[in-house]
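K.L.:
One structure, pasted below without further comment.
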Amino acid sequence: GSGGSDGSSAGGSGASGGDIKIGMSVSTLNNPYFVQLRKGAEEEAKKEGVALTVTDAQNDASQQVNQIQNFAGQNMKAIVINPVDSDAAGPAVKAAERSKIPVIAADRGVNGGTVAQTVASDNVEGGRLAAQELAKEMGEKGKVVVLQGVPGTSAARDRGQGFTEGIKAFPNIQVIAQQPADFDRTKGLDVMTNLLQSNPGITGVFAQNDEMALGAVKALGAKAGKEVKVIGFDGTPDGLKAVQDGTLSATVAQQPALLGQQAVQGAVKAAKGEKVEATVAVPVKIVNKDNVAEFAGS
Amino acid sequence: MTNDDSPLGGAAGGEILRVEGLRKEFPGVVALDGVDFDLRAGEVHVLLGENGAGKSTLIKMLSGAYRPDAGRIVVDGAPVEIRGAGDAQRLGIATIYQEFNLVPELSVGENLALGRPPRRFGLVDTKKMHERARELLARVGVDVDPRTPVGRLGIARMQMVEIAKALALNARVLIMDEPTAVLTTSEVERLFAIVRQLRDQGVAIVFITHHLEEIPQVGDRVTVLRDGRSVTQVPASTPENELVRLMVGRPIDQQYPREPAAPGEPLLRVRGLGRRGAFEDVSFEVRAGEVVGLAGLVGAGRTEVARAIFGADPHDTGEVLVNGRPLPRGDVHAAMEAGLGLVPEDRKGQGLVLGADIAENLGLVTLRRASRGGFVDRAGQRRAAADVAGRLGVRMSGLGQEVRTLSGGNQQKIVIGKWLLADASVLILDEPTRGIDVGAKVEIYQLINSLTASGHAVLMISSDLPEILGMSDRVLVMARGRLAGELAAREATQDSVMALAVSEVEDARVH
Amino acid sequence: MHVSTDVLNGTAKAARRRHPAAAWLAENGALVALVVLVVGLSLLSGDFLTVTNLLNVGVQAAVTAILAFGVTFVIITGGIDLSVGSVAALSAIVLAWLSTDSGLPWPLAVLVALAVGLVCGLANAALIAYGKLPPFIATLAMLGIARGLALVISQGSPIALPDAVTHLGDTIGDYLPIPVLVMIAMGLITALILGRTYSGRAIYAIGGNEEAARLSGIKVDRQKLITYGLSGLFAAIAGIVLASRLASAQPQAASGYELDAIAAVVIGGASLSGGKGRAFGTFVGALILAVLRNGLNLLSVSAFWQQVVIGVVIALAVLSDTLRRRATT
Amino acid sequence: MHVSTDVLNGTAKAARRRHPAAAWLAENGALVALVVLVVGLSLLSGDFLTVTNLLNVGVQAAVTAILAFGVTFVIITGGIDLSVGSVAALSAIVLAWLSTDSGLPWPLAVLVALAVGLVCGLANAALIAYGKLPPFIATLAMLGIARGLALVISQGSPIALPDAVTHLGDTIGDYLPIPVLVMIAMGLITALILGRTYSGRAIYAIGGNEEAARLSGIKVDRQKLITYGLSGLFAAIAGIVLASRLASAQPQAASGYELDAIAAVVIGGASLSGGKGRAFGTFVGALILAVLRNGLNLLSVSAFWQQVVIGVVIALAVLSDTLRRRATT
Ligand SMILES: Nc1ncnc2c1ncn2[C@@H]1O[C@H](COP(=O)(O)OP(=O)(O)OP(=O)(O)O)[C@@H](O)[C@H]1O
Ligand SMILES: Nc1ncnc2c1ncn2[C@@H]1O[C@H](COP(=O)(O)OP(=O)(O)OP(=O)(O)O)[C@@H](O)[C@H]1O
Ligand SMILES: [Mg+2]
Ligand SMILES: [Mg+2]
């Protein structure tokens, strides 16, 4: 079992003693990756003794703007934003700026507004790494399909872009189909099943998140990890477990918990008026059979 | 065919049901204000009263549709509370409501067994259901396949299905709220035969009608309601004008006050109109100042012809000319522009916006005319509505009352009223006085007179033969989708009209 | 509407007069729920009842409210419009794309964007009125089509808006956010159309009884074109307001908003079977949703519980209305 | 109460004497669209008409179809159920959580999961029948509540299913996928309930004319409890099938499926105003959606265009049906 057992409260507020209030708007909590991010943030808040409020923007940029506005109205001392979309986060950040509240961007950057700090791992870079790893696993030749995330989201865009760039380096690898499965495990399963019908010769799959990758693994059955290599993205607990089992060849781990932790650290510093670095890069790492043990514990 | 499994077995004469001081108030209206009424086994007890007097409200409390605010209901000597249809059924009370309570999507058979289908091994036994339905339909003399969806039936056939549905309950109290309003003479006779048969078996029957001539034919006693009170009880043999006086509070000297005007130019001309499977080769004209009656049996196709003329349905052949100009096929708007109007026979389905108020409904036809630059003159519309409602004597709590909560007859007045406002040069009235009390009928006839006097023309479809005979200058008779003949006012009698109406039916009917 | 007149005929009983305030409340039941909600939140959170926060609520309600005003027309005819969220996104994308990529002057681009919304609405209406499609299916198809076109045009990426348009999301002075002004204007227009114009009155009649409306000479098909056209046009306006707040047009913007918009209309007292509904009710419905979301943020209710709480409060709000209405009759 | 709106419009007589095959087709119009779609896709893609692929389509249709069967009951009564996707997710999460964390034996956990679905449905019905909430609002509230509870219980993360339950997603032999068998069984049960049981017939009556049903002694409230209860129960079954396919229960599973389920029912010939609808039609509707998605994948239609194509095809499918129906009458 992966969920449920960690015992952390689903509630948003950490230690109530601190007089520092921090607001955090997460792009979505309908995805284990961001649940991890929140978990890291909450643990850090507890450790620092600050009150952290987490809201879920449900992948809706305008809801996120609303939430940031609401934070400003609540006299938060600092705000962490995990943008639904980098461009659309600009006006939200400007609203906070007007209220002189420092903003930390987590996981994705903010365009068109000034943030105190950006804590991010690079999705484009991750896509590139995935391409290299997949090529390596496939012996630098074969046919690949890509399972795309929700069309129009920045994660889908950036990972897709990185992968496309990365895979160009391998002339014997052919991307024969790209289909959306909306970051959803069920859709990953169905779309992969269908693609196998029309493209029986597939030897590699790049899924733009672990959920879809696990769906694809399910569709591939015994072939997963053997004739067909699957690479996911995010490094969720389920994804790491699949890497351990060998059905998933690798995943691009983003260490979301660390990301959340760093973001809150930055926010606390900023709230206290201390100087913070403009960017904190949380490393993106390929997790495969060789190094999965280091990650699985977290 | 007979009702020999009836639970009571013929004990006539004893009191079955009594109500005392029944009272019911709706927001803005006191519908019943102390009604006493008693019902004996083996009698037909007629309820008489003007539109809105409270007849339907009274019977709805007996059937469990409403609960009284005060007063009590006694059945077999013991006071009872009737909380719903189930309670009424247990007490042996069956009701035919004034407004249909059928499910249009379901078959006739299914409707007849609604709420208590025959079951076998816990599952609905469709075969048995349809068998029973066939028997019931035969009993009321309706020739339809029990598998036909009710929604496909004409309004008269629906009424017969309603009657069959109530018979199926084998009740000892049978309540009929204006069952004859949409029936023609032959169905009415069949219904009366059934009613007499049930009465002889000891069933107690409550019968509501606005056709006073029916009362001595079928009734035993009459209770008269006025303004929500029971004012008196008289034998059914009481003379008609006395009944009228009791009910309306004043005598009516002339039931059909037709004042013929000199016919002018033909305003409406119908030439060879036909639609496959419905009617064919229908040709006639209606002149300015004329009232032309259109008679026929149920299903003769009168309604369909009227709707085709008005453009509500398309037609295959022939043409319609108004003031000499042909109308486009199936275009209501164009027909209205040309000066046609249609009061449809089905007030709930086609005539009224039930959820809207009286003013809104009355203003519907004239909405376009009351608009300037897209904006509606609502105050003007309201004034006009108030005027018409007053002329027709609509019993209401105000122009803002929802039409749904009006009594049946008052709803019908609204349907007619909105077309009176429209000033159509040719007005087609399909069963215009359905469910309307004697007093208001005269009012409507007088309005028809004033229309024709000012050069308008009226085509009146009615299943009420005396009305056709009393108000028409000419009578057209339809049978089986064709015009069977035309009679001048002088030569038209019940017999001559009926002879034409059944003419083609006789030829074609084999069983 | 329960004004008693002196046209009662002689036999009618005098209407038992209800207090006008009671009658007004019965017609505006959602308002009570809104007031309760506002009072409750003011007590629970000191941050709620501040001018800034209330303005925030207004801005946050604006897009849903504008969409919902458009949907009000449709619901009164007894129809439904599931496409408004997608149409909003498509219009905004078209605006951004034309004014950046094609270099069209922005006022022209705005007009084209509005036209796009209108055309989407008219297409819905054509399918419904002439193709006899159930509105649910026609607008569900449009939901997919408009969203897909937004993605195709934008290639899946957000497009920045020209600065001029962005100002639509600004606040004039300290206390006049433009989205709120637009919302109020659209609400007044909706009320005017519904209450005073021929089409408005015709729409109620169509929703109440389409056949009766047709037989009264109302051109039902044409009125449906107007109805869905308005819904599409309002969606385009909502889309532009939304994009201007974000300074960029997003292909995925406003997805799922159709349910919020419909909910606002129904909370505001309209019936999905048609014939009922008012602009003010819809406005209150949209405010209830916005206040609720805002309040839950202020109260720091956990994200997972928020959906539960929103569900419960919506049910309670409408429940209190229906129960009170039953009690008074 | 439209007892007789289309009574006299003349379609009756023509309809009475129609060839039985023509009559059957008119009742199963969606089937024609499905056949056209299948033929079209077979021509476009050689991979489509293979046994394996058709089985895939069946498996992919299963969850939507099971949800849609449940929703069919509701739609026939003239209601709507927006909560089925969320309820499916909640039931699956409860099952997984009980059988892993609490160590409940899995058959017991399955029973509890089904009970959860049933209770959600009954709660909807109680709000609708006794609270007089519009079904749209009651089930929209439940949509949020059930999804929220699924997230709360699971802490937002997927929970693995016990192996025994996972087998529900397997294929017996080479050609008998259990999801397809479950779908067919649920379809037959739906057909039986609708066609032959007291409740089934009562449901049609309620949808056709609720007042008539009540006055005929049908206990409308009780039948609504049954209706929404069935919908909730079916949703739970769909949720379990879905989770078993993935070997894990996902809190966000099946979101948005409610629109697919309703679309399947309406494509299958039901009317949202009630009184009409059949199990077979719903089944065909669900297959149309599944075939369409499968075909688009096989044809490798670009992500951005897929939504457009799906929208267009759904509109065309239902359009062809309504137009043909008009032509034959
Ligand atoms: N649900 C209701 N709400 C408000 N008023 C009502 C309601 N039902 C009936 N009324 C009013 O009660 C009065 C009596 O109506 P009822 O239907 O009993 O008359 P009726 O004698 O049957 O008349 P008709 O001959 O026209 O059928 C009318 O004024 C009517 O408007
Ligand atoms: N054999 C039949 N089986 C079923 N329905 C029939 C049959 N014949 C006629 N009808 C119904 O009767 C209607 C045609 O008669 P129409 O109503 O136009 O005539 P009408 O003279 O106005 O009779 P009504 O008094 O019923 O209105 C059709 O709509 C049809 O539904
Ligand atoms: Mg009556
Ligand atoms: Mg007729």
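Backbone N, Cα and C define each Cβ position, glycine as well.
These came from TrEMBL, pasted as-is:
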type     : residues  : note
TRANSMEM : D:21-45   : transmembrane segment
TRANSMEM : D:57-75   : transmembrane segment
TRANSMEM : D:82-100  : transmembrane segment
TRANSMEM : D:106-129 : transmembrane segment
TRANSMEM : D:136-155 : transmembrane segment
TRANSMEM : D:175-194 : transmembrane segment
TRANSMEM : D:225-247 : transmembrane segment
TRANSMEM : D:302-319 : transmembrane segment
K.L.:
Counting Cβ pairs closer than 8 Å, which of D:175-194, D:225-247, D:302-319 has the most of them with the transmembrane segment (D:82-100)?
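P.N.:
Answer is D:225-247, with the largest number of Cβ pairs below 8 Å.
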K.L.:
Check the transmembrane segment (D:302-319) against the transmembrane segment (D:175-194) for contact, please; criterion is three or more CB pairs under 8 Å, pairs 6 or more apart in sequence.
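P.N.:
As far as Cβ distances go (cut-off 8 Å, pairs 6 or more apart), the transmembrane segment (D:302-319) and the transmembrane segment (D:175-194) do not touch.
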K.L.:
Counting Cβ pairs under 8 Å to the transmembrane segment (D:57-75), which of D:106-129, D:136-155, D:225-247 comes out on top?
P.N.:
D:225-247
K.L.:
May I ask for the residues of the chain that lie six or more residues beyond the transmembrane segment (D:136-155) and have a Cβ under 8 Å from a Cβ within it?
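P.N.:
Contacts of the transmembrane segment (D:136-155) (Cβ under 8 Å, skipping residues fewer than 6 from its ends): 80-83, 85-87, 89-90, 93-94, 96-97, 120, 123-124, 127-128, 249, 251-252, 255, 258.
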K.L.:
Short question: which residues 6 or more past the ends of the transmembrane segment (D:225-247) have a Cβ under 8 Å from it?
P.N.:
59, 62-64, 66-67, 69-71, 73-74, 77, 79, 81, 83-85, 87-92, 95-96, 110, 113-114, 116-122, 124-126, 128-129, 160-161, 165-169, 178-179, 182, 186, 193, 199, 203, 253-254
